[in-house]
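Here's the structure we're looking at; comments come further down.
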């Protein structure tokens, strides 16, 4: 999906806006869910009065997802695909910090912290050789990572 979005975002012959690409992704997701429900592979949730809680959570999560997508498209215009993927690999670290600071949920084991630390260290090592450093691209990618950890 990232490669498709990168090629569409950086193509000079395509005039698709990031919003249209996001809309198409949403339509494909809805059609996929409908197909899963039609084949009986999953049960469709019933709407109840308790769904109000879901809708209250849905708005901020949707805004964070849209922010992640928009910022990702911007980042892909200014960075190479490998560097973009390196920066997005920092999402587990951001999610770990977000869970700890906002929800008070500490990591369950030290193994989780070690694994996230190794992943972060590897991402930083891979990104050190970037000769085309673009602060706008890096800023957009890191902000997209924060948005992604927010809706996770």
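In case you wondered, yes, glycine gets a Cβ from its N, Cα and C as well.
Note that the structure is a prediction, hence the values are computed from the model and not measured.
Record note: among 20-42, 43-65, 20-42 is the stretch given as transmembrane segment by TrEMBL. It is 111-129, from the ranges 111-129, 130-148, that TrEMBL records as transmembrane segment.
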